[in-house]
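Marked as ATP binding site by Swiss-Prot on the basis of sequence analysis: 14, 15, 16, 17, 18, 19, 20, 21.
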């Protein structure tokens, strides 16, 4: 007999494309309890493959299929690590919620429905792990006229909401997004703000060969170029009204290079560009907080950007009167929030309960999200 209880695994590989974050969560209590956590870095070749698949290219179907196989093996490695940490067997887990790697996200375009594509091989993961897998969470919301993103605001409300005050939860991954949590009975809203770490990671990789800017130290050594910042913020996405979502297929290296190419004036140092990109991330978030969450007095940050001290300081400067904290101040590691969300979404699917918030995504209504791949 399988003694699964209410234990689920959530695995998230986000737009930063640095690897997979995974958690084993017990939902039997009042709050989710993380029993184990793991991070599995992507091999360089897999990260490069997913980077190339963000934009049109040759032989995409073949390359995506092989990348999906490789990702399933990375995810299966996470599962093995989690079970070992917790001293559990595959039969002790109800399901895995596997997000996959977003390679295109274009809801509402082309034919009014558009599409979103997360590369992965859930059937292979189920085969390797011996656990039911729930995947493809976003497409059902898109089919209902929604953006398919963000999907974590419902969990943000459960973990960080407070009936006594309005709060904002901000995830800074490759793309940044916010969840506005009202302090009353008002509706939760959420949307993508713009680039988070994606362009920062690209630029430091190109210039210094480093995967990321540790604590934002390189950005802090440069100066913000106001002309370049204004050119970036002139992109129509920043002034579009929510619900809205975006991805690396908009904010990609060519997007940055085009703005650098049209800039006039004295030459910028590479560190100046990095400082300006960090300022772009912070300013896009701050603008949206001011426009859509004016009563909020607390901004709670998660994701890799929460460890970028330069961005965090810029946020505090741009939002006077707002306490800027991280989810770790509330007992949740910054790297675990989205993985917990996909464990929760898998549970919602198996229980046939909605996983989206229609006021966030713009969908026609609540929908059960995900497709089930039995073990």
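Glycine is no exception: its Cβ is also placed from the backbone N, Cα and C atoms.
Structure coloured by features recorded in Swiss-Prot.
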residue : record           : Cβ contacts under 8 Å, 6 or more apart
14      : ATP binding site : 21, 99, 102, 173, 174, 175, 303, 338
15      : ATP binding site : 102, 173, 174, 175, 196, 198, 247, 248
16      : ATP binding site : 173, 174, 196, 197, 198, 201, 212, 304
17      : ATP binding site : 42, 47, 50, 51, 101, 174
18      : ATP binding site : 41, 42, 47, 201, 211, 212, 304
19      : ATP binding site : 13, 39, 40, 41, 42, 74
20      : ATP binding site : 11, 12, 13, 39, 40, 42, 71, 74, 75, 78
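Within 10 Å of the Cβ of residue 21 (ATP binding site) there are 28 other Cβ atoms, across all protein chains. Residue 18 (ATP binding site) falls within neither a helix nor a strand when secondary structure is assigned with DSSP, and so counts as coil.
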